[in-house]
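The structure appears right after this line, and notes come after that.
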Amino acid sequence: MGIQITPSILNADFAALGAEVARIPSADWVHVDVMDNHFVPNLTFGPTMVEALARSTDLPLDAHLMIADPDRHAPTYAEAGCGSVTFHVEAAAAPVRLAREIRAAGARASMALRPATPVEPYEDLLPELDMLLLMTVEPGFGGQKFLDLVLPKIRRARALMEKHGVETWLQVDGGVSLETIERCAEAGADVFVAGSAVYSADDPDAMVEALRAAAEAAG
Ligand code: DX5
Ligand code: ZN
């Protein structure tokens, strides 16, 4: 599939989300951060808002669910029109069943790991997943500093994907910018979430293209 850039709207203007998404036509996906004030200490929006956003853009939505009990709620986001739905393994009771339910609801199934969660226990799940998200900050807020300590895990995850011969995409999220994206691409990531780097730029769409060029040069 190659390099993909998925800007996060977490740091966009929530009062004008449709217009904010229209500022990034070069994006491959729009990353929507769903937070419930339980799994993370922050609150954003739920399926009704996501469904409205899906109707407002031709870009596919990449939902990142930072919520408790994703087993109950995640398929709703596939039904709301998201092309990809990511749940956190730390919150999931039955990740294999959940990934299958997301796929059955018509979305790509993706699983996220917090920075301190190891990837090795989940290597046998890779064929069940369309994407693995490795968080490069503790989830909850935009604008945090990139955690270099996750880079070795990105390398190990890429090696496990090669070992299993799977097509699973490898996404990184948190602190990704022109300063850090090359390190992620070199380590083996191919899908890049960038929130504040895109929405604090004077020209967000030009930043999407700059991030893509930097990752392609390094990957
Ligand atoms: C953080 C979210 C991220 C966030 C990234 O918990 O999952 O998607 O929006 O924002 P930046 O790129 O500013 O770290
Ligand atoms: Zn996210």
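Positions of Cβ are set from backbone N, Cα and C atoms, glycine also.
Copied from TrEMBL, the annotated features are:
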type	residues	note
ACT_SITE	Asp33	active site, proton acceptor
ACT_SITE	Asp173	active site, proton donor
BINDING	Ser8, His64, Gly140, Phe141, Gly142, Gly143, Asp173, Gly174, Gly175, Gly195, Ser196	substrate binding site
BINDING	His31, Asp33, His64, Asp173	divalent metal cation binding site
Across the listed substrate-binding residues, Ser8, His64, Gly140, Phe141, Gly142, Gly143, Asp173, Gly174, Gly175, Gly195, Ser196, what is the farthest Cα to Cα distance, given in whole Å?
16
Quick one: of Gly140, Gly142, Gly175, which of the binding-site residues has the smallest count of other CB atoms within 10 A?
Gly140
Less than 6 Å between Cβ and the nearest atom of ligand 2 is the rule; apply it to the binding-site residues His64, Gly140, Gly142, Gly175, Ser196.
His64
Look up Ser196 (substrate binding site) in the DSSP assignment and reduce it to helix, strand or coil.
helix
Can you tell which of the binding-site residues (Ser8, Ser196) has the fewest other C-beta atoms within 10 angstroms of its C-beta?
Ser196
Where Ser8 (substrate binding site) and Asp173 (active site, proton donor) are concerned, what is their Cα separation in Å, rounded?
9
For His64 (divalent metal cation binding site), name the DSSP secondary structure in the helix/strand/coil scheme.
strand
Around His31 (divalent metal cation binding site), how many other C-beta atoms are within 10 angstroms of its C-beta?
27
How many other Cβ atoms are found within 10 Å of the Cβ atom of the residue listed as 'active site, proton acceptor', counting all protein chains shown?
25
Can you name every residue in this chain, apart from His31, Asp33, His64, Asp173, with its Cβ inside 8 Å of the center of the Cβ atoms of the recorded divalent metal cation site?
Thr6, Ser8, Leu10, Val32, Asp62, Ala63, Thr86, Leu133, Val193, Gly195
What is the separation, in Å, between the Cα atoms of His64 (divalent metal cation binding site) and Ser196 (substrate binding site)?
16
